[in-house]
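The structure appears below as structure tokens.
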Amino acid sequence: MDHMEKGALSFTKMSGAGNDFIFIDNREGAVPPAIRAKLAAHICPRMFSVGADGIIFIEKSSIADFSWDFYNADGSLAEMCGNGARCAARYAFSRGIAGAKMSFATLAGIIEAEVFADDTVCLQMTAPEDYRSGLSLELGGTSCQVDFLNTGVPHAVVYVDEVSEGQGIGNIPVQEWGRIVRNHDHFAPAGTNVNFVSRGEGNSLYVRTYERGVEDETMACGTGAVAAALCFSKKYGFASPVNIVSSGGEILSIAFKTGCPPQEAAPSLSGPARIIYQGELAAEALPADIVKELGKR
Ligand SMILES: N[C@H](CCC[C@H](N)C(=O)O)C(=O)O
């Protein structure tokens, strides 16, 4: 039996369709706000620590069942995270923090969620904002027109069938093109997540997402799936619900009102959210100043 000093910090690892997160139950304030970004940037890198696309702190709330603080893997704060929110609902239900139907506060607004008996969680998303279509930029030597929608966080939507000369979504350079769009002047200064979208079978779409704050392709992106579904439907007239086949092969289902602007579509996001394991972060895995701060509580 390995003997390890009592861990410096307990956490739960979760996966929302392959978008993975570290959860900290912070209702007793174990991790003060001042060190959260540094903690995220220290324990999210894969191979060097726990590894995740982001970290979520669950906090008490006087206006909802709980509230949260979400940080990307690089320690940047983001207002919302669709897959993370589905995992937060599963986490809260599993720990008795909320019932199967719940609400929680994010920087993007209050999220209503429902946890189902299988691993599915359904969210009512906040109202999309700032829809922009036909933004011109160049990818792979081809001029193309991308759309933009804020679904809690900013998302650009690139229509792969228009830029890839039939290469197919599986062959496009997501890191290279994702970085170009993420940093493009159209989206300055906040930058944007970037979704590469291609028509699938029936009412489905293939979506590959380059995520701001991860600075790489993730296996799924919930707010990105919502942006892709709403923009594609607006441009090509897709019906609701749309099934999004994400990079990791899992399906996210987006339901929404059709025949109206994306801002009025009232989208919902359904998909899997699973607890993977519980863990204890060893003090030696953390910078001394963080261990010191954690020890104060
Ligand atoms: N993966 C998340 C999006 C995180 C957004 C974050 N990458 C940012 O906008 O900075 C999702 O499932 O919606």
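Even glycines carry a Cβ here, placed using N, Cα and C.
Same-site candidate for substrate binding, as annotated by TrEMBL with N19, G82, N83, N193, E211, R212, G222, T223, chosen from N72, N171, N243: N72. Around the Cβ of T223 (substrate binding site), the same chain contributes M80, C81, G82, M125, T151, G152, V153, H155, N193, L269, each under 8 angstroms and 6 or more positions distant in sequence. In sequence order, N19, G82, N83, N193, N195, V207, T209, E211, S246 are the residues near C221 (active site, proton acceptor), counting only same-chain partners six or more apart with C-beta under 8 A. Other Cβ atoms within 10 Å of the Cβ of N193 (substrate binding site), summed over all protein chains shown, number 26. Applying an 8 A CB threshold to same-chain residues 6+ apart, the list for R212 (substrate binding site) reads N72, S76, A78, V153, P154, R182, G191, T192, N193.
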